[in-house]
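Feature annotation from TrEMBL assigns compositional bias 'Polar residues' to 1-18. Summarising the annotation, TrEMBL assigns region 'Disordered' to 1-74. Per TrEMBL, compositional bias 'Low complexity' is recorded for 57-73. Under the heading Zn(2+) binding site, TrEMBL lists 162, 177, 333, 337.
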């Protein structure tokens with residue numbers, strides 16, 4: 001008896017001193033380690049939010065619902081944070097005619113989805129259809145306007161000069177085109193001058209030669225063939241030094257003046273000799289583009305060969321054709337140029 005009581009006393013004393021319940025009855029023992037971990041993971045039911053419990057709970061499946069077809073898409077319900085998409089708005093197209101006498105309005109409903117290429121394409125097709133309807137409804141009026149514009153463009157083209165005259169052309173070159181080029185020339189001195197100028201523009205341009213025209217006239221005594229033919233070596237050298245004209249060019253002009261004097265003795269005048277190749281009648285061409293105007297013709301080659309045979313210098317086919325254009329033996333103004341008809345009228349006099 002004493003021993004059992006002392007054992008119980010010792011056990012109670014130990015539990016009270018150390019505070020360890022290992023010696024308590026089995027119902028009050030501390031749970032094992034696995035159970036302790038499971039208790040930590042599962043919070044009490046009172047701490048779980050009611051909304052979270054509803055979301056976590058699986059949705060009951062109704063056995064009476066009809067089966068879904070393989071092509072049908074499931075209907076997705078919006079979440080509480082999503083907003084419904086707005087319905088497609090009608091697109092209004094309004095076009096107003098140029099005259100302001102009528103206004104075409106139409107409403108086309110286009111279902112526009114964000115990021116949809118097909119929707120943008122449908123909208124574009126609808127707008128094109130509306131523009132086409134407007135053009136068809138005003139076809140007669142638009143046609144008349146286009147015809148009027150075409151006639152105005154034709155009249156404007158008729159007032160244009162030859163295409164080699166541009167906005168950047170020098171005024172002296174434009175004046176030469178508007179007043180001299182293509183006009184028939186019958187004066188011997190002027191024909192001699194044009195022969196010298198056309199020879200001088202080889203390797204240069206007409207604008208530069210026209211700017212030195214007065215210099216040539218002064219250097220060669222107004223292109224009097226009788227005076228130029230008498231130039232001696234001293235006079236020729238002074239022209240080279242004073243007027244800056246090349247020696248070979250000065251010698252060619254002096255030689256040509258001597259040949260002109262021979263032609264005058266044979267034909268009566270340089271004019272009769274030169275125009276005799278054309279039977280004293282200019283040729284009128286009908287070119288529509290400057291690219292079609294040739295640099296030489298069979299007629300210029302014939303004249304060039306005869307002049308070379310007679311002793312003329314710097315009289316190639318290209319130079320002679322340029323002389324024929326400048327002296328009006330051929331009217332190479334474009335038919336769209338107003339000078340074309342004016343030179344024809346002067347040639348008929």
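Every residue gets a Cβ built from N, Cα and C, even glycine.
TrEMBL annotations: computationally assigned, not manually curated.
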Number of Cβ atoms other than its own within 10 Å, given for residue 177 (Zn(2+) binding site): 19
Any further residue of that chain within 8 Å (Cβ to the Cβ centroid of 162, 177, 333, 337) of the recorded Zn(2+) site: 161, 164, 165, 181, 182, 334, 338, 339, 340
